[in-house]
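Notes to accompany the following structure.
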Amino acid sequence: MSTLTPELVELAARKAAKMDEEDRMDAELIKTAFELGLMGVTVPEKYGGLGKSFKKLCMLIEELGKVNAGFAVSVAAHHMAANAINLNGSGGLKEKWLPQFCKKLAAFATTEPKAGSDLKSIELEARDEGDCYVLNGNKTLITNGELAEVFVVLARCDNGFSLFVVERGEGMKVRKLNAGGMRGSGLVSIRFNDVEVPKEDSIPNGLKAVMNTLNVSRPVFSAIGLGIAERCLDLAIKYAKERKAFGKRISEFQGIQWMLAEVAADIEALRLMVYSTAESCDPVRSAMCKLIAAKTAKKAADVAIEIFGGHGTLRGAAVERAYRDAKILDIGEGTSEIMKLIIARGLLKD
Ligand SMILES: Cc1cc2nc3c(=O)[nH]c(=O)nc-3n(C[C@H](O)[C@H](O)[C@H](O)COP(=O)(O)OP(=O)(O)OC[C@H]3O[C@@H](n4cnc5c(N)ncnc54)[C@H](O)[C@@H]3O)c2cc1C
């Protein structure tokens, strides 16, 4: 994968500061990712994708996470929407939509203003109108929503929950949100007003489909944390070797060395975990992986700022951005508390 990505990684690196400053998605970056085939990494070849493994997707996301976490989460969220179809959709749905997902930006929408962790409480309703469903309600905190052309949406139906593939259209009122971290990933809220969706564009048993999708996407999301942590360590080492205090380079102080050593060891453990979890996608291991990714990324960013001193706290400093980006690992794709619930449920199962 790494031979495929330098062009995209370099472009993403060049755009990172501006995307963070303006909190706007970058259309050129997204177009380049599609042109390189990197928006269909796990989509089977017969549907126009690269047909690669989740592990390969993690490698791409790790590289992007190092330079531009906002863009990395966009690519990850797009694949989450595609994976939802590929893992749970009928043959007909895959044939209709997966080739489209290799050309059009997608978003995956479950969270609502009144329900995030507790998805059984979502209110967005899909009304059965015979040959179609009609969607009414709200979604919020949706990555890619600023420019996405297709949305995979969780809704409540008469007989439970379903996922719906919805093309951006007139009945959707999209409002840009001002993100705190991973900026430039097009975070929005959406109001659905009588949006008609053909029956064939739905996946029944929606909650199960969301869980299947999260099990594979959590190691991918964790790879962003891995990238953030690696970048923080690189920056901290470089700075510690240059900066002098009390007549010495600060890298000569044991206090600094120990901080670097701990972060390096945590990163090594996380890397092994991300890549082994991406191979199994076991639900409990995926939850463990995301929990550890959040801790590792936050600690690496915290240590990097500590080593940079006051300069690291300035708005626009790479380590300050990393600090805001790292916190998102605790929240996106299920909070750290929910990860612990999943792990505990696995431990206590009879
Ligand atoms: C940058 C960003 C991007 C996102 N992108 C997307 C996206 O593309 N699509 C999408 O659908 N959503 C997205 N989200 C939303 C995200 O998935 C939710 O924020 C998350 O699932 C938590 O839901 P909530 O914010 O409603 O918090 P709540 O569920 O209201 O939780 C609030 C607090 O209560 C805690 N809590 C809740 N239940 C329990 C419990 N049983 N035990 C212990 N503690 C509990 C939580 O851990 C948290 O600390 C994104 C969020 C962010 C920040």
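In case you wondered, yes, glycine gets a Cβ from its N, Cα and C as well.
Copied over from TrEMBL, here are the features:
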- 13-103: domain 'Acyl-CoA dehydrogenase/oxidase N-terminal' (DOMAIN)
- 107-195: domain 'Acyl-CoA oxidase/dehydrogenase middle' (DOMAIN)
- 205-348: domain 'Acyl-CoA dehydrogenase/oxidase C-terminal' (DOMAIN)
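Per DSSP, the domain 'Acyl-CoA oxidase/dehydrogenase middle' (107-195) is made up of 3 helix, 49 strand, 37 coil. Helix, strand and coil content of the domain 'Acyl-CoA dehydrogenase/oxidase C-terminal' (205-348), in residues and according to DSSP, is 122 helix, 4 strand, 18 coil.
In terms of DSSP helix, strand and coil, the domain 'Acyl-CoA dehydrogenase/oxidase N-terminal' (13-103) has 67 helix, 0 strand, 24 coil.
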